[in-house]
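First up is the structure itself, then whatever we jot down about it.
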């Protein structure tokens, strides 16, 4: 067999599988979004009316509001803590590898289990801390209150995902040659200045990766919410993924939630492209 | 940056903060070893170590969640996914990397990699229909899905890595009469070892801990608990009031991955870095 044929044989079957199970569902999802399908039985095409309905549906709008609020806040939290801890773990601390091991530990645990553990902490442990100290805001579970439940989810998801960010920033810090720092020191640059003029700009590509990956993952949050609040109280923590899963598969809204997922898809792609465009402009090369 | 001088202030800070990581884990272990009567609601009770370790919680958890069966299912699915992903995506990556100058392969590359931005929720509903229509709403279908969803990231990683493996190796082997297939298996595949490890770890973590995909793919055929994360979900709703039993079950579900982490910590950490930075 010729080189050309073998290479084609290595490529085509897998691309066909990929097309069948990634692109075909994407396309059929779009087709379903134009129907009134319940997920079973007959259905008919209803044009774009699912899409019009989405923009006036309170539960859809509130799930978008929750998901964006959650994703933006968690992305900021995780990146600020991630940079600080990466700087700390990259400096001359004792037992460096040991600490990196500990800080990375949450990443390997399942989101569901982590959610259950924090559910217990928020429901039983923190209220008893609150009562012991006489702090009113802590004396009842923050997960039980529609106004504060999302904060519990931010804390839990951040606790687990910060590991990934720390690691990326550490590997970024290791690409910066130390002689630049020595030169900056000779010029009398303060450590605050050194961070903003040297470290941060050179860390920019890693900042981009972390921002894009975190934002994308947090917009798709599912497991932790399932185990922390189940979407409640009063649907205040129902993420877009959860809404699509629950109402699309068992709520007779197959076609309608397909339209929802098309919009959701467009938004995620738009945000990722926007982030890459804007952030790439700010990157500097050595 | 003065070299080799320990920064004690930062060390202390890092130590204090690491407690925030360890407290929830310590708490989970302690609860799983207590009797319900030892729980109490005052603060000291949460941290107090149990007088007598209740290993019975673990035995109960094993029987009520059918632990060995679900753990075995998770293991089979994870191992199969890792093997399939490593073997197949490294092959296609080799073909792509060596033909990047041809339009077909370049477009294939962009096509596969750009799928990374498609949220799973977008595919979820039609996939359920498609898999049950094809009668593969089972473990086989699940492994197939992990192959499809890990493909973008793996191809990105392998192709990036293959750029650093010189083509002259291939050329020399062609002159000796080998074909591309033989060259891949005899020369390239062994050279890809660091990337194999990275891809294997990322795939293993993704399939072992995953909840949504098994939930969606397997829910149709009546098996309420097939993988470990699914078993935890069932467990929570049925035995929610016995926290000791519940936590014993969570610990059991996390134990395999924790042991794995203990032994492969360095590999895992460098694997994740490789996986994201390229």
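Think of each number as a place in line: the chain as shown, counted from 1.
Placement of Cβ uses the backbone N, Cα and C atoms for every residue, glycine included.
Annotated domain 'ABC transmembrane type-1' per TrEMBL: A:64-275, in sequence order.
Residues annotated as transmembrane segment in TrEMBL: A:7-32 (among others).
TrEMBL lists A:64-89 (among others) with the feature transmembrane segment.
Among the features that TrEMBL reports, transmembrane segment is placed at A:101-118 (among others). Non-local neighbours of the transmembrane segment (A:101-118) in the same chain are 85, 89, 152, 155-157, 159-164, 166-167, 222-228; each lies 6+ residues outside the stretch with a CB under 8 Å from one of its CB atoms.
Residues 75, 78-79, 82-83, 87, 164-165, 168-169, 171-173, 175-176, 180-181, 184-185, 272, 275-276, 279-280, 282-284, 286 of the same chain sit 6 or more residues outside the transmembrane segment (A:192-213) yet have a Cβ under 8 Å from a Cβ within it. Taken from TrEMBL, the feature transmembrane segment covers A:192-213 (among others).
Taken from TrEMBL, the feature transmembrane segment applies to A:225-245 (among others). For the transmembrane segment (A:225-245), the list of distant contacts is 59-60, 62-64, 66-67, 70, 111-116, 118-119, 122, 143-147, 149-150, 152-153, 156, 219, 257, 260-261, 264: same-chain residues at least six beyond its ends, Cβ to Cβ under 8 Å.
Positions annotated as transmembrane segment by TrEMBL: A:261-279 (among others).
Tertiary proximity for the transmembrane segment (A:64-89) is limited to same-chain residues at least six positions away from its ends with a CB under 8 Å from its CB atoms, namely 96, 99-100, 103, 150, 153-154, 157-158, 161-162, 165-170, 172-173, 195, 199, 203, 207, 210-211, 214-215, 218-219, 221, 236-240. For the transmembrane segment (A:261-279), same-chain residues at least 6 beyond its ends with a Cβ under 8 Å from one of its own Cβ atoms are 26, 29-30, 33, 51, 54, 204, 207-208, 211-212, 215-216, 219-220, 240, 244, 248.
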